[in-house]
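Student: Residues annotated as transmembrane segment in TrEMBL: 6-23, 30-51, 124-143, 163-180, 186-205, 217-242, 254-273, 294-315, 321-343, 350-367, 421-442, 515-536 (among others). Under the heading domain 'NADH-Ubiquinone oxidoreductase (complex I) chain 5 N-terminal', TrEMBL lists 113-152. Sequence annotations record features per position, and here TrEMBL assigns domain 'NADH:quinone oxidoreductase/Mrp antiporter transmembrane' to 181-402.
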Amino acid sequence: MGIIISLIAFPVIIALILLLVKGDKARGSLISAAAVIMTAGSIAVTVMYFASGECSFGFNSWLTEYIIMAVSALLAIFIIYICLKNRKYLPAVFALAQTAAFIVFGLVEGYSIKVENDIHADRFSMIMLIITALAGGLIAAYASGYMKEFHDRHPDIKDGRNVFFFSMFISVASVMGLVVSNNVTVMYLFWELIVLMSYVMASYGKDKEAEDRAFRGFTVNMLGGVFFVAGIVILGTVFGTIELDTMILTGSVYGDVVAIPVLFFALSGMMMAMQMPFAGGFVKAFSVNAPADAFMSTVTLVNGGVFIIAKLSAVLGISNFAGITVMIVGGITFFTASICAVSSKDIQKTAALSTVAVAGLMVALGGIGSPEGVWACIMLMILHTFAKSLILLSGGKAQLDMDMYDGSKVTFLRGKRKSSLCMLTGVAVMIISFLELALLRANVVSSVTDSGNILLMVMIAFGCGAVIVFSIKMIGEISYSAACASMTETVDEEGSAAGEEIESSDEKLEMSVKIMVVISVLVSIVFPLISIFAVAPYIEEAFGGTSSMFSISDSITGIIMIVFVVLIAGAFYQKKGKISMPERSVIDDMKENIETSESLCFNERRIVIAGTAASAVMIVIGVGFIIGTLVSLLGGAV
């Protein structure tokens, strides 16, 4: 008990200290030390409890619920304040509605509900603790140097690094708290903190554009909070419990009935995980702040939302409407975002769309509710955490070095061979995950087909194809751009090389990026071992009697892919000199240059509209069906 509480409390203490520390050297040293301690602590928890499979305990105090309500009320007051200050009234309304309902429920019903275990850390929770501490710590260490250089280049921007790093470490503590929570009111408190801290990081810079971007995602998550509280109220009022494990156990017998609160919890998770029809707000919320983007994409929002879905997977599936809604919305998100990423010329937007696409696939796999689907969901989350962090951090550093904050073109990588190699490695790891986890594994494919959902099968099949296409496209763009030196060359308005002779530039990689490269490559090679010794035991515990999903020989695929990318990128490590880059063009049958565009293949706007409409209709139908079931249930009880 003590070590888990200490693990959650430690980042909070570091966050408070960082509010007071102003020196760059002292801040960097503290963050690096904290990252090491958090990782060591999460590993210690795993070593202590992984064999037994769980660690559960309750606070056994009548004050617990009142403390949670008080903290939630304070957070709501702060949220409403910043919303009114920025004249953003919709998230303020959502915050007021959910907090009022939460407090009324706590005072009228919640205090009388007996809670056996407020905290329940199973094997899945322990896996999440490790990747949260490791990835979160590395991103924070990277951010220390990144933000210093950012303000050196932009002295006109108010220095708010103390608050920025405070938000980072509170986010780490909140994700850790979320993944070990069994009491859904405790989980909701951590959920609120994750959402608020993500907004603070995304809005860093305090200019109007940054605020508007941040509020798009923040508004969506505030709506998600309304659904989360609705799930708590229904679970506590109708089922007389606010414990997650009790709800899941009840769902194994009364799945159709338990699907009522489950859908509301799942909707909040889908909104946090950037699913359609709400994904547009998150894509637009992606900023040029690389640490914040990496944190939201791999530590807080995506992983937090997907964790909720994966945790609920045992009571989802084709047998109830909650599962059908989750898998269809996830499939639509995956397919739509993947197709849009193929046609996108904006490298920053492509990265955002790829995050949304991967999150959609993880949600769809979790919604299937099968052991194979959940296994693939968790494995994909592990690989995505480190691969996407590597892509965003290495790309962000190159962009910052160029003093270029338009991420719409990949020209900022020209001459950045080391950063390009890092990005290529991250893309390779993502390709491995799709090839192995979604396309080549017969048990995962059979899980999708066994769901009987033909629409889901089609969307995942075509979506995976689109992922491979835009991943290869990214490899080509990165490889080409890395062969040029952006310091001395001139480019046309389309970002194409003009054909002049240019020099490559020197660069220095952050230690955290180097460590992320090593971890990404290592994870992509040994993921069969991770499956056998870490993920499979949880699947066996959650679903019962499931054998290991991987054999050791499957590591060969990972090794081949990494070697392939290293061979491509190795060409960049030639001696510094001049390289002649020809102008890129497409010639028709008459040997004349023609203009080409990926948008000729896919009309992105129409695809987004169709995907948004389809997912919105699916959610409305799902919520309507569930509400009808609830009314029928309560009417029958009366």
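Every residue gets a Cβ built from N, Cα and C, even glycine.
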Student: Thinking of Cβ pairs under 8 Å, which stretch from 124-143, 163-180, 254-273, 321-343, 350-367 has the most of them with the transmembrane segment (6-23)?
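Tutor: It is 163-180, which has the most Cβ pairs under 8 Å.
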Student: Go through the chain and flag residues at least 6 beyond the ends of the transmembrane segment (350-367) whose CB is under 8 A from any CB in it; none is fine as an answer.
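Tutor: Answer is 266, 269-270, 273-276, 279, 282-283, 286, 293, 297, 302, 305-306, 309-310, 312-313, 316-317, 323-338, 340-341, 344, 373-374, 376-377, 380-381, 384, 388, 391-392, 395, 430, 438, 444, 447, 456, 459-460, 463, 466-467, 470-471, 474.
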Student: Should anything in the same chain at least six residues away from the transmembrane segment (254-273) have a Cβ under 8 Å from its Cβ atoms, list it; otherwise answer none.
Tutor: 184, 191, 194-195, 220-221, 223-225, 227-228, 230-232, 234-235, 238-239, 247, 301-302, 304-309, 312, 315-317, 319-323, 325-326, 329-330, 359, 362-363, 367, 619, 622-623, 626, 629-630, 633
Student: What parts of the chain pack near the transmembrane segment (186-205), using Cβ distances under 8 Å and only residues at least 6 beyond its ends?
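Tutor: Sequence-distant neighbours of the transmembrane segment (186-205): 64, 68, 71-72, 75, 78-79, 102, 118-119, 157, 160, 163-164, 167-168, 170-171, 173-175, 177-178, 211, 213-215, 217-218, 221-222, 224-225, 228-229, 232, 244, 268, 272, 285, 287, 289, 291-292, 295-296, 300-301, 304.
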Student: What residues elsewhere in the chain lie close to the transmembrane segment (30-51), defined as a C-beta under 8 angstroms and at least 6 residues from its ends?
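Tutor: Tertiary neighbours of the transmembrane segment (30-51) are 3-4, 6-7, 10-11, 14, 17-18, 21, 121, 123, 126-127, 129-130, 132-134, 136-138, 140-141, 143-144, 165, 169, 172, 176, 537.
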Student: Pull the DSSP breakdown for the domain 'NADH-Ubiquinone oxidoreductase (complex I) chain 5 N-terminal' (113-152) and write it out as helix, strand, coil residue counts.
Tutor: 30 helix, 4 strand, 6 coil
Student: Could you tell me the mean pLDDT over the domain 'NADH-Ubiquinone oxidoreductase (complex I) chain 5 N-terminal' (113-152), as a whole number?
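Tutor: Averaged over the domain 'NADH-Ubiquinone oxidoreductase (complex I) chain 5 N-terminal' (113-152), per-residue pLDDT gives 92.
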